[in-house]
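According to TrEMBL, the feature signal peptide maps to 1-21. Marked as GTP binding site by TrEMBL: 21, 22, 23, 24, 25, 26, 27, 28, 67, 123, 124, 125, 126. Taken from TrEMBL, the feature Mg(2+) binding site covers 28, 45.
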């Protein structure tokens, strides 16, 4: 399913950004907000949804990845193509903070994620129980993890739901997204080489696996 993406510095090439986080964090709502469409009737993503948006001077692919635990192992198949990431957290859901910390740490440990910029959106700030920026930094152990894995990151407090303001995107999301795209553009040549190399390796592996499967089927039929 194609749904529809964004920049700050002039974007000369297509940028791909993966949108990650636990289920019900507000990932799809965030993508819809960036697309400029209503966010009041959003269906959670099962699997993935690819969107294409034009933001300022460039075109961006947003890959909205389902956050249910049974799908998270599939996230790794989308790291190769990604120049950067958005990690959305429900900042009001205290009972899932440890789960978020574990998932975020595992994400940063991935070789194809390390060194790529990450925007953390602390969503649902309209709720009384929402953690502030310091609370998010502490809960996810962000400063230690980022230093350990040498990753650029920014935490933005936001409310992705438009709260009755039709097609009105939360300004903090715009601010955070601009930072992410600006950062990707500032390191674009290095990121492009990484992505091109990783995608080429992935294609080679897939080709080998396809040949091996075909050979196994051939032997079974003989």
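Cβ atoms here come from the backbone N, Cα and C positions, even for glycine.
No curator has checked TrEMBL annotations; they are predicted automatically.
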Which site among 21, 67 has the most other CB atoms no more than 10 Å from its CB, taking these as binding-site residues?
-> 21
Report the largest Cα to Cα distance, in Å and rounded to a whole number, among the residues 21, 22, 23, 24, 25, 26, 27, 28, 67, 123, 124, 125, 126 that the record lists as binding GTP.
-> 22
One residue among the binding-site residues 27, 124 has the fewest other C-beta atoms within 10 A of its C-beta, namely 124
Which has the fewest other CB atoms in a 10 Å radius around its CB: 23, 126, the listed binding-site residues?
-> 126
Residue 25 (GTP binding site) has its Cβ surrounded, within 10 angstroms, by a count of other Cβ atoms equal to 26
Between residue 28 (Mg(2+) binding site) and residue 67 (GTP binding site), what is the CA-CA distance rounded to a whole number of Å?
-> 10
Among the binding-site residues 28, 45, point out the residue whose Cβ has the most other Cβ atoms within 10 Å, with all shown protein chains included in the count.
-> 28
Whole-number Å value for how far residue 45 (Mg(2+) binding site) lies from residue 21 (GTP binding site) (Cα to Cα) = 11
Does DSSP give residue 67 (GTP binding site) helix, strand or coil?
-> coil
Distance, residue 45 (Mg(2+) binding site) to residue 27 (GTP binding site) (CA atoms, angstrom) | 8
